[in-house]
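Q: Per Swiss-Prot, the features are:
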BINDING   Gly243, Pro244, Pro245, Gly246, Thr247, Gly248, Lys249, Ser250  ATP binding site
TRANSIT   1-48  transit peptide
Amino acid sequence: MFAENLTRIGSNVAGLFFVWSTLKRYFPRQIQQLLFNAIQRIPIFKRLSDKILEFFSPYAYIRFREIEGYRYNYAFAAVKTYLGAKVNSEVKNLKGNQVKENMSLDLKRDDVKIEEEYEGVKMWWEIFRCVKGKKICRLTFHRSNWDVVTGSYLRYVVEEGKSIKARKKKVMVLMNNPSLNWKTSMKGLWTCTEFEHPATFDTLAMDIDKKDEIFRDLVAFRDGKEYYDRIGKAWKRGYLLYGPPGTGKSTMIAAMANLMKYNIYDLELTSIGNNWELKKLLIATTNKSIIVIEDIDCSLDLTGEREVKDLKGDKEGKKSNAVTLSGLLNFIDGIWSACGQERILVFTTNHVGKLDQALIRRGRMDMHIELSYCTFGAFKILAKNYLNIDSHHLFGEIESLLKETKITPADVAEHMMAKEVDGSLKGLIRALERIKWSQNVKVEEQLQQGD
């Protein structure tokens, strides 16, 4: 095999030398240079030259791609973090980042090429982008150091990178790019930014017992790897958040992410072309993540039809290529849903009755959480958050009115934006009295219509 490869390379090299000598004999120097540059751009000659250099080179190369087969490469992230953290007085190229005004400046290496030495072995890292825009870290080292590099060195780099990343862990929120742009855009499947929502379980305005139940369930899931391995079930969990607008569904998701330190993947189903693209997005999510589909009853027609009927007309024809209910069900708990670990899936809806029961049954959505109108317990949390008070002589009147009215926590919070305590509480009482009067009028009108 070696002899055959050597013979083939020798034959190709001889052919190149013949072409080159012919060019030098019959063409002027400028034409020679133009032709030589043109030949270099021809893919077959470029591949040939790369193979020749690789064959005779004493160096070996290891590439770490950001995406491998549509899946995120965790080794790439660890290597990139490790290289970026190697900051000292000898480094000439740095980049500074300050994501918040009151945070300290974060310095990272911004070198395209980085020289590294480990146990007396020299090697070189390069960071560059491939044709599709994804980054690649390439390690170059002498072949004689193969055992050291592929053994202890790479283990050290990956573990150190993971350790640095854990110490500087930041929650990110990602949204899926429209599938029509996947081939032309350099952004890939997901676009991300840092998540800065301050919500915590302490500040959530909801029933304390229900909040504690959700908190304990999340912690048990986070610490449940051995449990899920023992029962032979994929390490994932589903939560259905339902209730009127303004009851804190999005805030609950933010509190979940801040508690778990998981990234949020905000999945917009209407920008996905078909079920295959939905699977592709799932594969591209990372472990320790929360996949969110907000207002799922508005995203697609998921009210009971498992298949989209093939009706006439362009409008109906387009539907056949869209995400179907069966595709979404496979996304939740099909074979492909087990391609990662430690994932949480969250659906939100204002109208739970509109959803197909197959979508929200136990096992898919393990916990159904109703976020309803403001209770007195939720009000007390809001009063502590906004006004920094635990009690007040107007609390009794407010408690009585809350039992007789329907008002969301968001509306209650709006009346507490003023820092003056008495004025805020009195304004809330007036609002509750107006709501109570309006509700009574509606009841009387309904009774009159019934008569």
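Using N, Cα and C of the backbone, Cβ positions are placed for all residues, glycine too.
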Q: Counting other CB atoms within 10 A of each CB, which of the binding-site residues Thr247, Ser250 comes out lowest?
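A: Minimum Cβ neighbour count within 10 Å, taken over the binding-site residues Thr247, Ser250, occurs at Ser250.
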Q: Within 10 angstroms of the C-beta of Gly248 (ATP binding site), what count of other C-beta atoms is obtained when all protein chains are considered?
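A: For Gly248 (ATP binding site), the 10 Å Cβ neighbour count is 23.
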Q: Would you list, in sequence order, the residues of this chain other than Gly243, Pro244, Pro245, Gly246, Thr247, Gly248, Lys249, Ser250 that have their CB within 8 A of the centroid of the site's CB atoms, where the site is the one recorded for ATP?
A: Asn350, Leu371, Thr408, Pro409, Ala410
Q: Show which residues of the chain containing Pro245 (ATP binding site), separated from it by at least 6 in sequence, have their CB under 8 Å from its CB.
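A: In sequence order, the residues whose Cβ lies under 8 Å from that of Pro245 (ATP binding site) (at least 6 apart) are Asn350, Thr408, Ala410.
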Q: Please determine which of the binding-site residues listed here (Gly243, Pro244, Gly246) has the lowest count of neighbouring CB atoms within 10 Å.
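A: Per-residue Cβ counts within 10 Å for the binding-site residues Gly243, Pro244, Gly246 bottom out at Pro244.
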Q: Using DSSP, would you call Lys249 (ATP binding site) helix, strand or coil?
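A: It is helical.
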Q: Just how many other Cβ atoms lie inside 10 Å of the Cβ on Lys249 (ATP binding site)?
A: 22
